[in-house]
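Undergrad: One structure, pasted below without further comment.
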Amino acid sequence: MGPAAPQRTQLGTVRGTALPPALRMHRLLLLSSLWLLAAPPASSIFQRPTGSPAPPHLQYLLEPLHTTVHTQRGATATLPCVLRALPRNYRVKWSKLEPANYRESIILITNGLYHKNYGPLSPRVRLRHSHRYDASLTITDVALEDEGRYRCQLVNGLEDESVSLTLHLEGVVFPYQPSNGRYKFNYHEAKRACEQQDSRLATYQQLYKAWTEGLDWCNAGWILDGTVHYPIINSREPCGGRLLLPGVRTYGARDKQKDRFDAFCFTSALQGQVYFIRAHLNFKEAGQACRNHGAAIAKVGQLYSAWKFSQLDRCDGGWLADGSVRYPITTPRERCGGLPDPGVRSFGFPSKELRTYGTYCFVGK
């Protein structure tokens, strides 16, 4: 009878037979590889992308298909909020998040049968209510200050839940400084200056979008949340140096009373028309010429809006309401400033009495 077959014991040896060291190592590597293939993936290797946690499951509210609603000034916009079921004794509360003062302002509260409006939006908001599950909010005559984040909250005791939506206005951001030079505005003066020019202080999102579309400006300016930034496309020595990458550079939050910068203003579509009167007029005569046509001398924001939305293109400098002289170019050409990109060009703030130009007028609808 021949010898009994060898019996396997621990890894790397066979009873009665010692394996050479090289073969033992080969077998260890092989079995380790098979174990890795068979083992379930470890959480430390296969992780979910980091970031905001997934929103909690909604029991009563339907998740909106699109969380951003695009609109323009003067339009009617609807923010969707639809219930999948009607709990007992519920309320729906609409509110707006205000970045300038970090508050949440209530707009409307409804119990499905009755509703009450609150705040400055009150005259322009209503429930769409196309069916009994529909709690969508409709805003009429959309204004510049309506842009931002809104929340539709179902209030139902311990089972409160909400969806967030963003109202986005199509528009244009422009830098603004007064006639006495740069860095003259504190925050409140910058806010007022933008409003006087048919615009408002831009949000960071609006400034960032403008930078992605080509806004390149070396002077820092206030934005709506009280921080100060400047957008740079072409890095250069006077604007932080050549070594810094392009981007929206920031000074962070500043003292709203003491610190002084320029402003970044935002405006949207016009409810009216900007047109040019060719003449040789001083500033006072320019205002009168517009009034003779039943119009008013145009504001800076109105000229930017006409350039952006109506493709206004003129090679003629004209007076504006703030005493500046500007002209809008949509098709760049050599004899109109020679710059390669479209934009609103500026002659600054000439003498209102001694210099003469045409004028840009605005007439509302």
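Just so you know, glycine gets a Cβ as well, placed from its N, Cα and C.
According to TrEMBL, the record shows the following:
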SIGNAL    1-44  signal peptide
DOMAIN    56-164  domain 'Ig-like'
DOMAIN    172-267  domain 'Link'
DISULFID  C218-C239  disulfide bond
DOMAIN    268-363  domain 'Link'
DISULFID  C315-C336  disulfide bond
Undergrad: Mind telling me which of the disulfide-bonded residues C218, C239, C315, C336 has the densest Cβ neighbourhood, counting other Cβ atoms within 10 Å?
TA: C239
Undergrad: At the level of the C-alpha atoms, what whole-angstrom distance separates C239 (disulfide bond) and C336 (disulfide bond)?
TA: 26
Undergrad: Quick one: average pLDDT across the domain 'Link' (172-267), no decimals.
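TA: Average per-residue pLDDT within the domain 'Link' (172-267): 95.
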Undergrad: DSSP says what for the domain 'Link' (172-267): how many helix, strand, coil residues?
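TA: Final tally across the stretch: 22 helix, 30 strand, 44 coil.
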Undergrad: Using DSSP, break the domain 'Ig-like' (56-164) down into helix, strand and coil residues and give each count.
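TA: Counts, helix then strand then coil: 9 helix, 48 strand, 52 coil.
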Undergrad: Measuring Cα to Cα, tell me the gap between C336 (disulfide bond) and C218 (disulfide bond) in whole angstrom.
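TA: Pair distance, Cα basis, whole Å: 23 Å.
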Undergrad: Rounded to a whole angstrom, what is the C-alpha distance between C218 (disulfide bond) and C315 (disulfide bond)?
TA: 25
Undergrad: Under DSSP, the domain 'Link' (268-363) has how many residues in helix, strand and coil?
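TA: Computed counts for the domain 'Link' (268-363) are 20 helix, 31 strand, 45 coil.
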